[in-house]
Amino acid sequence: MPRPIRATIHSAALHANLERVRRSVPDAKVWAVVKANAYGHGIERVFEGLRGADGFALLDLGEAERLRELGWRGPILLLEGVFEARDLELCSRLGLWHAVHCDEQIDMLAAHKTQAPQRVFLKMNSGMNRLGFAPQRYRSAWARLDALPQVDEISLMTHFSDADGPRGIAQQLERFNAAARDLPGERTLGNSAAILRHATDTQVRADWVRAGIVLYGSAPDFPEHGAGHWGIRPAMTLATRLLGVQRLQAGDTVGYGSLFCAAEPLTIGVAACGYADGYPRHCDTGTPVLVNGVRTRLVGRVSMDLLTVDLTPLERAGVAAGFGSEVTLWGRAAGGALLEIDEVARAAGSVGWELMAALARRVPVAVDSAAHGPGCGSIGAPDR
Ligand SMILES: *Cc1c(COP(=O)(O)O)cnc(C)c1O
């Protein structure tokens, strides 16, 4: 028997989260962002839940190829564009749209012998200072692209640095508009935080939004708001079982470095999950965990394959726990109890994005295709 750890991908939650995005921006077309192997969920596994999107956005040409192999004929956008000239051939062959963020990418296009002209998304650096043309260089880049026979349609794109926080998007919008206002073409501006927090802005709602983390059920502005506030549901559950129980006396310590010391007699459970599964080693004593659906806390240091949890709350609640008991690291317990990935991420000084994307290869993943959503359906066979 394999180790009892398993991740489950909830198709119904993905579907519901996509619907949530559509309610927020009803006039926009929605890119489902599936970079980083669908934020760790697996492109093949999320496809069923997200196939109602208008297009898929990602970074890696191999991931675009996998989407085409799944039968997706709709739009696919390379968010960072091409990395070398021959990528343009694959864009032609697979019908990929691609971002253009620098002169080198325009040079590659100008030298490309294409069968059919390509659709590009010209990216402006409106203040993030990662990729994109500076506002004062944007129009000349647009004119250069417009003159190329290799280019069909030009759409306009920028990315917000602070849609999740108090700085907001106004300043970047202003810069974008000053340089791009009268240029023709579709726009794509908003990420998840903009979709949820700035949905009333007509520009965020325009043409295309790029929904990533919200689709996977993590709140982009946690801890200000949680997933419950936004009405989104976890698309991933990471669960395992207890392999052992230890009864501690006052003064006994737990795990490497003896970081936790029992102040009084205490029963702890030992769960089959560690940092080699993608659970963050930075999680300290106090990080929330569910055992048989009851909320308790991690104690001591997370090791490679195991972590330890306090069973006191279960004893108090009269819930039995022992070898084989269900442990939910994040997501939905069998009985329906919920533990937000954002809470665990915060305990690790991280964010939901990183925890999802770091799910380790050794963890088997199943897809829960039940129509009624997480915790209510049968589980399909692990597919890797
Ligand atoms: C990752 C990414 C997104 C999605 O961001 P979320 O915050 O996960 O919604 C949107 N646009 C670009 C350019 C990205 O790289």
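Yeah, the Cβs are placed from backbone N, Cα and C, and that goes for glycine too.
As recorded in TrEMBL:
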- Lys35: active site, proton acceptor (ACT_SITE)
- Lys35: N6-(pyridoxal phosphate)lysine (MOD_RES)
- Arg130, Met304: substrate binding site (BINDING)
- 235-368: domain 'Alanine racemase C-terminal' (DOMAIN)
- Tyr256: active site, proton acceptor (ACT_SITE)
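Positions of TrEMBL features highlighted on the structure.
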residue: Lys35; record: active site, proton acceptor; contacts (Cβ under 8 Å, 6+ apart): Ala57, Leu58, Leu59, Asp60, Glu63, Leu79, Gly212
residue: Arg130; record: substrate binding site; contacts (Cβ under 8 Å, 6+ apart): His159
residue: Tyr256; record: active site, proton acceptor; contacts (Cβ under 8 Å, 6+ apart): Gly300, Arg301, Ser303
residue: Met304; record: substrate binding site; contacts (Cβ under 8 Å, 6+ apart): Gly274, Tyr275, Ala276
